[in-house]
Amino acid sequence: MLGLATTVTLESSGCSSKMCFRLLCSVSSRPARGTFVEDACWVYIISHTFFPFNMTWRVVNIFISLSMDGALMEIGPYRLQDDHTLIYNNGSWDEFANLLFVDQPVGTGFSYVSTDSYVRELGPMADQFVTFLERWFNVFPEYERDDIYIAGESYAGQYIPYIADAIVRRNEKLSANGTSWNVQGLLIGNGWISPLEQYRSYLPFSYKEGVLDKNSDGAKAAESQLSKCMSKLKEVGKFGVHVDECERVLELILDTTKVDGKCINMYDVRLEDTPDACGMNWPPDISLVTSYLRRPDVVKALNINEDKTTGWRECSPGVGRNLQATESVPSVQLLPGLLERGMPIVLFSGDKDLICNHIGTEDLIHNMTWLNATGFELSPDVWAPRHNWEFEGSAAGIYQQARNLTYVKFYNASHMVPFDFPRRSRDMLDRFLGIDITSIGGDPADSRIDGLKGAPTSVGAHPNSTTAEEKEKEKIKIAAWEAYYKSGEVALVVVAIAASLWGFFIWRSKRREKGLEYKGIYPNLESFSSASLATFRGKRRGRMDVESAPRPDEAELETLYNAAEGSDPQDGEENFSDGKGDNEKAQSHAGMGKSR
C-alpha cells in the first residue's frame, strides 16, 4: 500500500475511548486472524486513493485515529444510509493519506480484555500504544519509515499529547540499528486538553450562546458550584484531568435546559435531546452505525477476533470506570515540550460545542507559554492576527498561528466537525499535509483568507479521486438514458458512450499525472470546502450506492496508466476492493468521539 500520507486517527468520548494497544490481534487488510492469550485490540486501515506513478521515492504519511464512529461518521471513505448501504463520503481523509483506525484503550469498540486489565492512567495508556505500534510495524514494515500524523477529538486531547510524548521518548532511547518513527504533526478537534480552562469556560459559553440566563437561579447555582470547582482544582494541584466538583457545573447548566421533556444537546447547542441524554443520543447516525457493526456478516468481513463475545458499542462502561487518571497530569502540560521540539500542532474547534467549547481552547492557548512567549504573542504586546476564512462566498471560520501552533475555529460546527463539514475538515488536513492541488490536477476550491486566495486546494477533484470517478460514472449513466429515450437502442448507446467517456477520462487523467510533483505549502494558508450542516443530518440523498460500484486499487490504476502510455494491459491485472468503513467521535469524553 503506497501513499502520500498515512494518518493514525484516535477516537474517544465522554463515555469511553477507542484506541488499540497491548496486543495486535486482527487487521482487516490482512486475511489471517491473529490469536492472543491476553487482551486484544482491533485496527482498521484504509489506503489512500491517489498515487503518482512517476514518483521515484515514497513520501508516505500514516494518519492514526481512534476508531469506528470516526470511520463511518466523520473522516472515512464511506457513510451509512438507513438501509445499511454505503455511500462515498465526499471529504474523506484517505485521498492523500493512509488511515489507521485503532480501538483504544483496550475494551473499547471491537477490542476487549480477558481480565480486569483496563488501563487506569494516561502514561501506561501511551506506553501500551507504543507497544501496539511496534507490533503493527512488525506486521507491516513497509509503513515504519512513513510520516505519522496523529488526530482525534474530545478526550483524544489527553491521549494524543501523551502518545506523541511517548513516541518521542521511545525515539530517544533507540539502539543504533533501531528505526525512528517520524511523527510529523498532531491534530486535535474540540479537545479536552486543559481541564482548568475548560471547566471555567462553561458559564461564559452558555451566556454567550443563550443557553443560560445570567440572572436566573440556575446561573446562580452554577456560579456557586464553579467556586467550589476552583477550590478543588487548587487542592489537587497539577493533577486534575477529571474533577467531580467541576463536572457538576455542566450538570447544573444542563438541568436548567430540561423543559417540556427536552434538554439541550451539549455537543451542539443548536439541537435538543431527551432529558436523560442531553446529547448522548447524538449524532443521529450512531444507532445506525451500532446496528451495522453488530451484523454477523459485517463482523466477519471486518475479521473481528472470534474471542470477542460482545457486540460493538460506542462507549465502554468498563473503560470509563477504570480510566480515572487520578495520578496523571493534564496533557496541556505536555504541549509546550512538543511544540519546542518543532512538532506542528493544530487545535480546531466547532463553535457550537458546549462540553469542549472553543472558549476553553482559546483560553488554554492564551495562558500557555512555549518558545519564550505566551499564547500567540509574536513579540511583546504584538499578537498573531486572526485571519477570516471564506469559502465559496460564505464565512467558514478563522485561523491563527504562531510558533508551530495553529488554531482553527469552524463556524456553525458541533463537537464533531468532520461530521458537519467533511469537506472543510479535509481541506484543513490537506493544508496541514502540504498538498497543492495545482501540482496534481483538478479544479481548485474557491477558498480565501482575508479576501485573498491562498495556495489552491481541492477536495475530491483530482482525476483519480473516488469523487471524480463517481461523477464520470454518473455522466455515463445520464447520457445512456437520454440516448435510450431518444432511440430505444439502449445496449449500443450505453457501450458507445461508456467507451468514449471512460476513454477520455483515462486519457485526461493520465496526461495530468505526467510530471506530478508535490509542493509543500505553508499551513497557515488553510481553507475549507463547503458542506452544510444539513448535508449529513438529513437523509443524504442523491449519492451512489458504493456496494454496486467497486473502487479500483493501485494495480488497476497502473494498468490504466500503462494503457495510456501505449502498452497492452495483461489479463487479470484489474483488482477491485469493496472496503467498508471509517470514524471518530470522542467517547466517554475521550479521542475522536464524544468527550471526557
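From the backbone N, Cα and C atoms, a Cβ is placed for every residue, glycine too.
The feature signal peptide is assigned by Swiss-Prot to 1-17.
As annotated by Swiss-Prot, N-linked glycosylation site applies to N54 (among others), with the evidence given as sequence analysis.
Residues annotated as N-linked glycosylation site in Swiss-Prot: N90 (among others).
In the three-state DSSP assignment, the secondary structure recorded for S154 (active site) is coil. When Cβ atoms from all protein chains are considered, those within 10 Å of S154 (active site) total 37, not counting its own. The feature active site is assigned by Swiss-Prot to S154, with sequence analysis given as support.
Around N177 (N-linked glycosylation site), no same-chain residue at least 6 positions away in sequence has a Cβ under 8 Å from its Cβ. Taken residue by residue with DSSP, N177 (N-linked glycosylation site) is part of neither helix nor strand, so it is coil. Sequence annotations record features per position, and here Swiss-Prot assigns N-linked glycosylation site to N177 (among others) based on sequence analysis.
If you look up Swiss-Prot, you'll see N367 (among others) marked as N-linked glycosylation site. According to DSSP, N367 (N-linked glycosylation site) is assigned to a helical segment.
In the three-state DSSP scheme, N372 (N-linked glycosylation site) is classed as coil. Residues near N372 (N-linked glycosylation site) in space but far in sequence (CB under 8 A, at least 6 apart, same chain): none are found. Among the features that Swiss-Prot reports, N-linked glycosylation site is placed at N372 (among others), with the record citing sequence analysis.
Mapped onto three states, the DSSP output places N404 (N-linked glycosylation site) in coil. According to Swiss-Prot, the feature N-linked glycosylation site maps to N404 (among others), an assignment based on sequence analysis.
When secondary structure is read from DSSP and collapsed to three states, N412 (N-linked glycosylation site) falls in the coil class. According to Swiss-Prot, the feature N-linked glycosylation site maps to N412 (among others).
According to Swiss-Prot, the region 'Disordered' annotation covers 447-469 (among others).
Sequence annotations record features per position, and here Swiss-Prot assigns N-linked glycosylation site to N464 (among others).
If you average pLDDT over the topological domain 'Cytoplasmic' (508-596) in this model, you get 41. Positions annotated as topological domain 'Cytoplasmic' by Swiss-Prot: 508-596.
Annotation comment: Swiss-Prot describes 539-596 (among others) as region 'Disordered'.
According to Swiss-Prot, the compositional bias 'Basic and acidic residues' annotation covers 543-554 (among others).
Annotation source Swiss-Prot lists compositional bias 'Basic and acidic residues' at 577-587 (among others).
Calculated from their C-alpha atoms, the gap between N412 (N-linked glycosylation site) and S154 (active site) amounts to 17 Å.
Between the glycosylation sites N90, N367, N404, N412, N90 has the most other Cβ atoms inside 10 Å of its own Cβ, all protein chains included.
Cα distances from N367 (N-linked glycosylation site) to the recorded positions N90, S154, N404 are smallest for N404.
Between the CA atoms of N90 (N-linked glycosylation site) and N404 (N-linked glycosylation site) there is a gap of 29 Å.
On a Cα basis, S154 (active site) lies 21 Å away from N404 (N-linked glycosylation site).
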